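Trainee: Shown below is the structure under consideration.
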C-alpha cells in the first residue's frame, strides 16, 4: 500500500515535469531585433537597433543576420520594406534553415528588378538537403513603399507562406507516403541582402547597377511564436498536441474556406512559376508531392 501511494505520487511528478519541459520549450520572441538576432556579415554598414534592422549592399559586401535560437514549429514573422528603385541583381532573403548537407530550409527570397517592374517573390522548401521546389509570384502592391508582413507558419501538418496574412503557398506533410517533410531539425531564422546578378533578374541578363548603391532593405517587428529547439528531445515536445503547442490545434491543420479563396486568388492572378508544372525540367519524372493535394 505504501509503495502504491508513493509510485502514484512519483508518476504525477513525472507528468508535471514533462508538461513543464514542453511548456518551457515554447518561446515567444516578442523582444527587439537586437535581442533576438545578431549580424553575421557586413557589420561595417548594416545596423540593428531596437525593433529595427537595416541590411545594406554595396560593392564591398552585402549583409546578413540570424537568430540566436533555433526553432521547430510555430510562426515566424517580420515586417519588411524592400530595396526601392532599380534593385535589379539584388536579393533580399528571409528564411529558416538548419545546417549541414542534409539540411531543411523554408525560403522567402525577393528578387530585385529594374525600376517600374514588379519584384518577384521566390519561395522554396528543402528537405534533407533537397530543394528544387520553387514557386514564384509577382506582388500585388509596391513592397518598397511601406512595410509589409511576411510570415512562415510551420507545424507538423503543413508549411504555409503568408504575405499580409494572405496565404500564397502550402506544402503539406506526406511523410507517411515517403515524401520528406521538415519535422526533425531545428532551424534558425536568417535574413540577408546580397548581390545575385548572375541569376536574380531575368536569369542574370540584367546586372546590378552599382551607381544606385548603397542598396538598403529595412526590417522591423520580428516575432517568433515558436517552439525552441533543444536537440532531439524537441521532436516529440514540439509536436505534442497540448495547449502550449498552439500550432498543433485543429485550426492550423488546414486552411479554412476564406483562406483557400485568398490562396486561389493569389495563385490565379500572380503566380508566375510552379515547379510542379515544369515537366521539361524534370523530364516527365515529376516530384511525388506534385500529385498530392496541398490545400
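Every residue gets a Cβ built from N, Cα and C, even glycine.
Since we're looking at a predicted model, the values are computed, not measured.
Heads up, here are the entries from TrEMBL:
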- 105: active site, nucleophile (ACT_SITE)
- 109: active site, proton donor (ACT_SITE)
- 22-219: domain 'GH16' (DOMAIN)
- 113: N-linked glycosylation site (CARBOHYD)
- 1-25: signal peptide (SIGNAL)
Trainee: Round to a whole number and give the Cα-to-Cα distance in Å for the pair residue 113 (N-linked glycosylation site) and residue 105 (active site, nucleophile).
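Mentor: Roughly 25 Å, rounded to the nearest whole number.
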Trainee: Residue 105 (active site, nucleophile) has how many other Cβ neighbours within 10 Å of its own Cβ?
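Mentor: Its Cβ has 20 other Cβ atoms within 10 Å.
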Trainee: Sequence gap of 6 or more, Cβ distance under 8 Å: name the residues on the same chain that satisfy this around residue 109 (active site, proton donor), in order along the sequence.
Mentor: 91, 92, 93, 94, 95, 121, 122, 123, 124
